[in-house]
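Worksheet: one structure, shown below.
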Amino acid sequence: MNTKILNIYHHRALNASKRKPHRQRPCNDRIDNGDGLAISIFCVGLAGDKSVTFKIGLLGFGVVGTGTAKILLDPFGRHPVLKEITIGRVGVRSLDKPREIELSRHLLTTDLESIVTDPEIDIIVELLGGLEPARSLILQAIASGKHVVTANKAVIARFGDEIYAKANEKGVYVLLEAAVGGGIPVIKPLKQSLGANRISSIMGIVNGTTNYILTEMSQKGADFSEVLAKAQELGYAEADPTADVDGFDAADKIAILASLGFGGRVKREDVYCEGIRQVSAVDIAYADRLGFVIKLLAIAKDTVKEDSDTLELRVHPTLVPKTHPLANANGVYNAILVEGEPLGQVMFYGPGAGSGPTASAVVSDVMNIVGILKSSGKTKELDPLLSCIHQHYCQIAPMESLSTRFYARFLCRDVPGVIGHLGMAFGDHGVSLESVVQIGIRGDLAEIVVVTHDVREGNFRNALAAIESLEAIDSIPSILRVL
């Protein structure tokens, strides 16, 4: 009679003082019961096992935290690894606040520090936003040997050097897919899928609030303040919209993308930043007549020359040709265009914010870490395609050296020869004009719109300074760059 082998899973009761989660592993015990039946016993063990329950600690249980919990509590129909992830602790501001989903009371705490130091927690998910206490808690989690997933672009853009240095020392991961682009998978592709490419530029619409405002202004002819108020009513803009409308949020994101795409550290303060407050319905209408739409673009561009290797790093409203791939990203959607060699251009497009999209990115990072832990156990060797190991700082080109096209709108006294004077002043400073159009009359002032060919920003600014001194010029209400 052939011997039959049965795998019997024997779950030993673990001592309460031992570390969880439970991990199944073969004990290599083989028992023959005397009647030809051989038994291999599998018991609960620790590192190196294939079936694991991992505990996460959530810091913050707002919109994104709630979305994250919903995914983790409903794993069916999703990737099977989600069934091995549980919510261990949740840090909240108030224990009594009504919530969209109810968790066991014992999971909630207002003591966030106790979560990042809890020995039973494997992964910390930081969804607090802001700089502090988020930064300190992330560093404390790393010091406790915990992996971190964060959606906090402000912390990473400003303190990424410090955070990643500590993470590399401790052999833990800090993943941030949700920090840029909401639900758009762009961080991991830059680290991995596009790693064989020499990236030449990353540009995109990375702030849904400003894209919604500019889209509404374009489609309805409304003014900035009117659309901003509507965006706040709909929840697309914060009560204090400064970070969005002044470009700070987009600057955080392009600093992160540039660091990943160009393989060097980027200082957040090196990002040139303009917002959209100065964009008027008049400019949007004129741009439309000239074949453009206005978008707040975040741009990182390699300016490799024979004698230098620097980056252009900037955020500002831009006239985008209607034929450009980014021109049709409207509403709260984001779009990020990456160009490299040998791939060419690839665009990432999707919802840039919101509970579901951002939570999707958060959980994908958690799954990445769990997958690595399941396959490699407690090894301190970090996957170079997921960790951040940049050692040098990128050199940033000054804005004066930027070469681009410009749009400028002038209010001029309606006198003979004014267009000729404008053309002469531009020519004296090496600025070539693509088009000069007298749009109309405002009161007793003529409105003239100029679009230049590519020109150094320094030359263009010098030309404007000379033009402002012309007697025929009343004002220059708008200056925008053109893609």
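Quick reminder: no glycine exception, Cβ is built from N, Cα and C everywhere.
Taking all protein chains in view, 14 other C-beta atoms sit within 10 angstroms of the C-beta of Gly62 (NADP(+) binding site). Per TrEMBL, NADP(+) binding site is recorded for Leu59, Gly60, Phe61, Gly62, Val63, Val64, Gly65, Thr66.
Lys153 (NADPH binding site) falls within a helical segment according to DSSP. The NADPH binding site annotation in TrEMBL covers Lys153.
What TrEMBL lists as L-homoserine binding site is Glu238. Within the same chain, the residues at least 6 positions away from Glu238 (L-homoserine binding site) whose Cβ sits under 8 Å from its Cβ are Thr209, Gln232, Asp244, listed in sequence order.
Under DSSP, Lys253 (active site, proton donor) is assigned to a helix (H, G or I) in the three-state scheme. Positions annotated as active site, proton donor by TrEMBL: Lys253.
Residues or ranges marked as domain 'ACT' by TrEMBL: 407-483. Counting residues per DSSP class in helix, strand and coil order gives 23 helix, 37 strand, 17 coil for the domain 'ACT' (407-483).
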Chain-mates of Leu59, Gly60, Phe61, Gly62, Val63, Val64, Gly65, Thr66 with C-beta within 8 Å of site centroid, NADP(+): Leu58, Gly67, Thr68, Leu127
Give, as a single whole number between 0 and 100, the mean pLDDT over the domain 'ACT' (407-483). 92
C-alpha spacing of Lys153 (NADPH binding site) relative to Phe61 (NADP(+) binding site), in angstrom: 18
Are there any residues at least 6 positions away along the chain from Lys153 (NADPH binding site) with a Cβ closer than 8 Å to its Cβ? List them or say none. Leu176, Ala179, Val180, Asp249, Asp252, Lys253, Ile256
Binding-site residues considered: Gly60, Gly65; fewest surrounding Cβ atoms within 10 Å belongs to Gly60
As a test of the contact definition, list every same-chain residue at least 6 positions from Leu59 (NADP(+) binding site) whose Cβ is closer than 8 Å to its Cβ. Gly91, Leu112, Ile115, Val116, Ile124, Val125, Glu126, Leu127, Leu128, Ala134, Leu137
Would you mind listing, in sequence order, the residues at least six apart from Thr66 (NADP(+) binding site) in the same chain with a Cβ closer than 8 Å to its Cβ? Arg99, Glu100, Ile101, Ser355, Ala359
